[in-house]
Amino acid sequence: MKNQEIIEVKSKMFLRIWAFVGSAGMGLACLWLFYMGITFQTKYYLLAIPAGFLFTLFCLYLFIIFFPAFTPRGNTIFRIKTGKNGEVFTDKVSVTFTDIKKIEMSRHKFSLKGIFQEDILIQTVDQKTIRIPTWNIIPNPLFFEAVERYILPHLNEEAKSNWIGQFTDIQRSAYLKEFENHPKL
């Protein structure tokens, strides 16, 4: 690995397709259910009308929050500049390794979107929280590998203990062994 190399952590096309099917596909199915109800083509029209309407709105909301994943912005989730003076950055935000206090990929309470999607949450030493959206199109092991290989060696001791404390010894040794045998980055 060269000093100051840029590593791109990219999304998985399979997960992008599932997000599209789950939001747009189910939205169309619910719209069809609503249509069946309002044209009285089913004897359950009293259930089909409100259920179709509500679930169509729900799926439309899901499609809207997943929409950036279907654009070129969803190709690369974040980039890592390696080395001692490295940083995690996207087109909008940048955090140096020395400023990271805690890094994790989890659901959050900062918005309604956090109920449905995991984001990369970086807490800095000056108590700011930086959120990098993932739209659930990056698998957790890929994120773990990026942190373990390129970020963790350059973090301060508190950040290292926060990262390692998220996992049991068995979990961590299992995924470290997997990264050695089958690297994805």
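Cβ atoms here come from the backbone N, Cα and C positions, even for glycine.
Listed features, source Swiss-Prot:
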LIPID     C30  S-diacylglycerol cysteine
LIPID     C30  N-palmitoyl cysteine
SIGNAL    1-29  signal peptide
TRANSMEM  45-67  transmembrane segment
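Beyond the transmembrane segment (45-67), the same-chain residues lying 6 or more positions past its ends with a Cβ under 8 Å from any Cβ of the stretch are 19-20, 22-24, 26-27, 30-38, 113, 116-117, 135-136. The C-beta environment of C30 (S-diacylglycerol cysteine), restricted to residues of the same chain at least 6 apart in sequence and closer than 8 Å, consists of A51, G52, F55, T56, F58, C59. Taken residue by residue with DSSP, C30 (S-diacylglycerol cysteine) is part of a helix.
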